[in-house]
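Annotated features in TrEMBL:
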TRANSMEM  13-34  transmembrane segment
DOMAIN    26-428  domain 'Major facilitator superfamily (MFS) profile'
TRANSMEM  63-81  transmembrane segment
TRANSMEM  93-111  transmembrane segment
TRANSMEM  117-138  transmembrane segment
TRANSMEM  150-171  transmembrane segment
TRANSMEM  177-198  transmembrane segment
TRANSMEM  291-310  transmembrane segment
TRANSMEM  339-357  transmembrane segment
TRANSMEM  364-382  transmembrane segment
TRANSMEM  388-411  transmembrane segment
Amino acid sequence: MGDGIANYSVEEALVAMGFGKFQVLVLGYAGMAWISEAMEMMLLSFVGPALSSSWGLSSNQQAFLTTVVFAGMLVGAYSWGIVSDRHGRRKGFLITAIVTSSAGFMSALAPNYTSLIIFRCLVGVGLGGGPVLSSWFLEFIPAPNRGTWMVIFSAFWTVGTIFEASLAWFVMPTLGWRWLLALSSLPSSLLLVFYSVAPESPRFLCLKGRTTEALCVLEKIARLNGTKLPSGILISDHQIELHEKSLPTEDSHLLSPRRDEDATPKVMESNFGGVSSLLTLLSPKLVKSTLLLWLVFFGNAFSYYGLVLLTSELSGGHGKCMPNKMRSEKSHDVSYKDVFITSFAEIPGLLISAATVDRLGRKLSMSSMFFLCCIFLLPLVVHQPQELTTGLLFGARICITATFTIVYIYAPEESAYFYSLLKPRVVN
């Protein structure tokens, strides 16, 4: 690096090539996964009530059917993150797509409640790998465009929720819940069909020292986008750091280059491997930021999925407590209609997040939307007319969609900050 030859990193290459045809194809592939995940989560609003009527499930059994999905996601989110960091993003989302599609289809054939619980838990394990594909998408996007395109990427989730609500509206009254489960597993299967043409993340390849493979991916991006790579040699960010640390200083003779080169990869490997990465995030230097970020995600997930499930409970005249028998006799058509209507609330939520995330900042945008969401939800603690209930749910869904979109932009930026704190410091 000191012989005058120009060098560039993956980030610099992506910025030089810009957003083009290649990124559009990547967006379509990752968007299909996001649609699939949204559909699998939305159908929780419909399957429980349907099974309560056909299988005579108690309220506790119905709630447990939803709980096991989220329990599976808890396991999958941590497991697939480790897999993708060690073996690549492609292998990570390949396994998640196989698990989600196969378990989703088997759920439609479940002969009894116990087997359905097992299959839905496996679906949750697969859904836990959803962030792997969103990370894979972001690693192809130039840094100046990531905020905008993350909002656009989030729109695929909205498409999935609307599509699932409309699918349930037409399928459930005629074909039943088994057909809904089977049809909802199809988008995950499409990921397997196009898997062979999905490239590995060049960032991951460079992190593993596979710069030749990363260069091949970048050359493919340049061809599809009609641009050129920067002149020079591709190097990883890690190599850039080593080069900066090895620049001659008055104390450089006191440092051993060989020892410095050998120590840093070990630090990186230990910091980002399995349990050690979790321990690092909970270290005194990072524990405050880690817990706050976890709290923000908890609040978003608790509010969003609570609203999704609450919509089916409060719609169709279920705002008051009544015996299960009377509730099962109620028509589900109104419930489908209200879920379908409130799903459209995510569109203005996306627009609000796009308009405020850069103007107001990440934290102010999220906090204000959280506050407005509470304002919409508070009146629902008492019985309201059906039209007002739907309107309040619609407003709350707008706010929580905006916060969820913003946190997916905020979290990777915080992760980059974490990474900067973990870098070994050079003593001059």
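The count begins at 1 with the first shown residue.
Cβ coordinates come from backbone N, Cα and C, glycine included.
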Distant-in-sequence neighbours of the transmembrane segment (93-111), which means Cβ under 8 A and at least six residues beyond its ends: 33, 36-37, 40, 76, 80, 83-84, 119-120, 122-123, 125-130, 132-133, 136, 178-179, 181-182, 184-186, 188-189, 191-192, 195
Intrachain neighbours beyond the transmembrane segment (364-382), with Cβ under 8 angstroms and 6 or more residues off its ends: 296, 299, 303, 310, 314, 352-353, 356-357, 388-389, 392-393, 395-396, 399-400, 402-403, 406-407, 410
For the transmembrane segment (388-411), distant same-chain residues with Cβ under 8 A (at least six beyond the ends): 134, 146-147, 150-151, 154, 158, 293, 296-297, 299-300, 303-304, 307, 310-311, 314-315, 319, 338, 341-346, 348-350, 352-353, 356-357, 362-363, 365-366, 369-370, 372-373, 376-377, 379-380
Surrounding residues of the transmembrane segment (291-310) on its own chain - C-beta under 8 Å, 6+ positions past either end: 41-42, 44-45, 66, 70, 161, 339, 342, 366, 370, 373, 380, 393, 396-397, 400-401, 403-404, 407, 410-411, 414
Top Cβ-contact partner of the transmembrane segment (339-357) among 13-34, 150-171, 177-198 (pairs under 8 Å): 150-171
Chain residues outside the transmembrane segment (13-34) and at least six past its termini with a C-beta under 8 angstroms from it: 93, 97, 130, 133-134, 136-137, 140-145, 149, 152-154, 156-157, 159-160, 187-188, 190-191, 194, 198, 202, 218, 220-222, 224-230, 234
Confidence summary for the domain 'Major facilitator superfamily (MFS) profile' (26-428), mean pLDDT rounded: 78
